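What TrEMBL says about this protein:
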DOMAIN    A:46-193  domain 'Thiamine pyrophosphate enzyme TPP-binding'
DOMAIN    A:204-266  domain 'Pyruvate ferredoxin oxidoreductase beta subunit C-terminal'
Amino acid sequence: MKPEDLSTKEINTWCPGCPNFGILQAVKEAVAELAIASNTAIVTGIGCHAKIYDYLNLKAFYGIHGRVLPIAFGTKLGDPQMTVIGFGGDGDTYAEGMEHFIHHCRYNADLTMLVHNNQVFSLTTGQFTPTTEKGFKDGSSPLGLGEKPFNPLVLALAAGATFVARGYALNVPHLKELIKKAILHKGFSFIDILQPCIVYHKHSLPYLNKNVYQIEKTHDLGNLNQALAKAREWDYSYEKDSKVPIGVFYQKQRPTFESQWPQLKKPWHIVGRKPDWAKIIKEFK
Amino acid sequence: MQKTILIGGAAGLGSAVTSHFIGKVFCSLGYHVFNYRDYPSLIRGGHNFNVLKISDKPVYSHEHHYDFILALDQKTIALHKKDLKKGGLILKAKEMEPKILANNVLIGIFFKHFGIDREIVLKAAEKLFGQNDSIKKAIEEGYGSTQTKEKLKVAGQGKYFISGNEGVAIGSIAAGMDLHLAYPMTPASPVLHFLAKRQLENNILVFQPENEIAVANMALGASFRGAKVMVGTSGGGFALMTEALSLAGMAELPLVIYLAQRTAPSTGVPTHTAQSDLKFALNAGHGEFAKIVVAPGDAQEAITRTEEAFYLACKYRIPAIVLGDKHLGESDYAFDQLKKFQFSGVSYPVDRANSYEHNELGFTVEDAPSVAWGHEKRLKKISLLEKAILKLNPISLYGQGKNLIVSHGSTKGAILDALPQLPGFKFLQVSYLKPFPAALVARGIKKASKVILVENSATGALADVVAEQTGLMIKNKILKYDGRPFVPADIIKRVKQK
C-alpha cells in the first residue's frame with residue numbers, strides 16, 4: 001500500500017499552507033509503511049484537526065469535542081484487535097477533554113493519541129486554549145490572556161503515560177517516524193504535535209522554525225526525571241527564544257488495559273452468544 | 001393469609017439482608033412476596049427498614065401497617081410501633097456480640113413462630129450466605145428460644161424472587177449484551193455490581209470509567225465496532241450523557257441506557273424514589289432524532305423491556321432508554337415463572353460513524369439537500385418504531401370499569417393492589433413513552449367517564465405528554481413527591497376523594 005491509497009475524494013477545506021497537511025501526510029506514510037490500514041480505525045474530535053476524518057480512507061469515527069479518548073477507548077473495547085488512532089486539537093484534548101486525557105494516560109490502553117496543538121481555537125475564529133501563551137489577545141480575551149499555558153507533556157508524564165513525544169507538523173519525515181513508534185508502542189502513546197496556525201497564531205511558525213530541534217540520541221527514554229526536564233525546556237510561551245525539543249521524551253512498558261481483562265480477546269460482534277435462560281434465572285429461585 | 005413485616009435497624013445491622021432472606025424463604029414455600037427497601041444515604045448508623053408483604057395471593061406492593069416488627073435496634077421500635085396492627089408482634093434482636101449475628105437469631109425466632117421446618121431455613125441460609133457455621137448457630141439459637149404460634153403450610157410451587165435492578169441486569173444478559181459501562185450512582189449501581197460479579201461466567205465486560213461522559217462515549221465507540229452495550233445511571237449522570245445521546249442519534253449507533261430515577265432536582269434525595277425525569281428522558285439530547293423510552297412496571301417487565309430496548313436499539317440503530325426508578329430497581333417481586341423476550345437484535349460494525357451531517361458513505365456534508373436528506377433518513381425511523389411497538393404491548397389494561405387510572409412505571413404495583421378496592425376503576429399502564437402509543441391511549445381515555453393520573457412526581461408529567469400526543473387533558477392527578485412510593489391505601493383514599 002502507498003500513502004496515496006489512503007486518500008479520499010473529499011475536498012480538503014484546510015487553509016492553503018496549513019501545517020495540518022503535514023500531519024495528514026505523515027499519518028498516511030506511517031500507516032502505509034506499517035501496512036495496518038485494513039484493521040485501523042481513527043477517531044477525531046471537533047475542530048480543524050477533525051477534518052482529517054474525511055481525508056483518510058480508514059475506518060473512522062468523527063466524534064464530538066473533547067471526547068476523542070473515550071470514543072477511541074470504546075473502539076478498542078469493542079474490537080481489541082484493532083489499531084486505534086485518536087486525533088484531537090489542543091482545545092479539544094486539554095480544555096473540554098482534560099479529565100479524559102489524565103485518566104487515559106493512567107489506563108494505558110493500547111491507543112495512539114495525536115494532538116494537533118496550534119495553541120488556539122481556530123475553527124471558532126481564534127480564541128485561546130489551555131496551551132495559548134500569556135498575553136495573547138483575541139475575541140474572547142481582548143484585555144490579554146492573564147494565565148500561563150500548561151505543559152501537556154509534563155502532565156502526561158505525571159499522569160503515567162507510557163509513550164510521550166512531541167512532533168512538528170512541518171517536519172514530516174521526523175513526524176512519520178514518531179507516529180510509527182507511537183503506533184508500535186504497546187500502551188497509551190501520546191504525541192503533542194506542534195501545528196502552528198497560520199491565520200490566528202501567526203507568530204508561532206517563524207518561532208518554531210527557528211527553535212525546534214531533535215532530542216539528542218543520548219536522551220534516556222526510560223528515565224522519567226530526564227523526560228520531565230526535557231519537557232520543561234520550553235513552556236509553550238513566545239516571550240523569548242527558547243529551544244523547543246521534538247522527539248520521544250519517554251517510553252516505558254507497563255501492562256496494557258486490555259491485557260488485564262481476559263474477556264478482551266476478539267471483536268464482540270463475532271462472539272457467538274447463546275444466553276442460557278434457565279441458567280441465568282436459577283439464582284432467583 | 002397475608003402478613004406485613006417491618007424489619008428495621010441501623011445501617012450495617014442487616015435489615016436488608018434479613019428481609020430479602022425471609023422473602024426468599026417464603027417464595028420457596030410458594031407464597032407471593034413483595035419487599036420494599038427504605039434507607040438513607042449513609043454507611044453505618046441511621047435507620048434502614050424493609051417492608052415485606054407475604055400473601056397466598058399475588059401481591060405487588062407494601063403497606064404501612066405491620067403484623068410484625070423485627071427490630072434490630074431500639075430506634076426501630078420507637079419509630080414504627082405506632083404502625084403495628086392490633087395483635088401485632090414486636091420481635092427484638094437480643095444484645096449479643098458480634099452484633100451482625102443478631103439478625104440471624106431473629107430469623108430463627110421468626111420462622112419458628114410460623115413452624116417452618118428448620119432444615120428449610122438452614123438450607124436457604126447456606127445457599128444465600130455459603131457455608132457459615134456462626135450464621136447457622138445463630139439461626140438455631142433463634143429456633144431454640146421460642147415456640148410455634150401459628151403453623152404456616154406450603155402455599156404452592158416455589159417462586160422466583162427478583163428485584164427490578166436484577167431484572168434489568170439479566171434482561172441485558174439475555175439480550176446478548178457484550179459490555180456494561182457505568183459510573184456509580186444510586187439507584188442504578190446494583191446493576192453494575194450484579195453484572196460485574198458475573199462478567200467472566202457470562203463473557204461480558206463490565207467497567208467503571210472516569211465519569212458518565214466517558215461512559216456514554218466509550219459505549220458509542222464500542223457500538224461503532226458492533227458491540228452491544230448498555231450503560232446505567234440516574235438523573236444527574238444521565239444529564240452528563242445527553243451530549244452523547246445526540247451523537248448516538250446522529251451517528252446511528254445502537255445504545256441502551258438504563259435510567260434509574262431518584263428524587264431530584266440535582267442531588268435531591270439520593271436513596272429515594274421519583275418519576276420526575278419522564279420529560280427529561282423523552283426530550284434529552286439536542287436536535288431531532290428517533291429514540292425509545294420504555295418504562296417497566298415490575299421486575300418481570302424490567303427483564304423483557306430491557307431486552308426489547310436492545311432489540312429496537314440494534315434493529316433501528318438508535319438509543320433506547322429503559323426508564324426505571326429506585327422503587328422498581330430496589331424492590332423485590334415474586335413470580336411463578338420468569339419469561340424472556342422472544343427476539344434479539346443484531347449489532348454490527350460500521351466503517352464510518354459521523355457526528356457531523358453526512359452522506360450515505362459517512363463523509364461530512366453541509367449542502368442544503370444533503371442536510372435535509374440526513375434528517376429525513378434518520379427521522380423515518382420514528383414511523384417505523386411507531387408500528388414496531390404496537391407488537392410489544394405498548395399499553396396494558398387491568399381490571400374492569402368505566403373509570404380509568406393512568407400511570408407508568410413502578411406505580412403499577414400499588415395501583416394493581418388498590419384496584420380490587422376501587423370498584424368501577426380500571427388501570428391503563430403506559431409502557432412505551434416514546435414513541436407514544438397515542439391512538440391506544442386516546443381510545444382508553446375517551447371511553448372512560450373519569451380519568452385519574454397517578455404519578456410519583458410533583459407535576460404529573462404524563463398528563464402533559466398525553467395532552468401533547470393526543471390533545472386530551474387529564475385534570476385529575478394523584479401525585480406523590482416526598483421521595484416515597486405509593487402504597488395502595490394512598491391511592492384508594494385519594495381516588496375516592498376525586
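Cβ atoms are placed via backbone N, Cα and C, with glycine included.
Counted with DSSP, the domain 'Thiamine pyrophosphate enzyme TPP-binding' (A:46-193) comes out as 57 helix, 30 strand, 61 coil. Mean pLDDT for the domain 'Thiamine pyrophosphate enzyme TPP-binding' (A:46-193) in this predicted model: 97. Using DSSP to sort the residues of the domain 'Pyruvate ferredoxin oxidoreductase beta subunit C-terminal' (A:204-266) gives these counts of helix, strand and coil: 19 helix, 11 strand, 33 coil.
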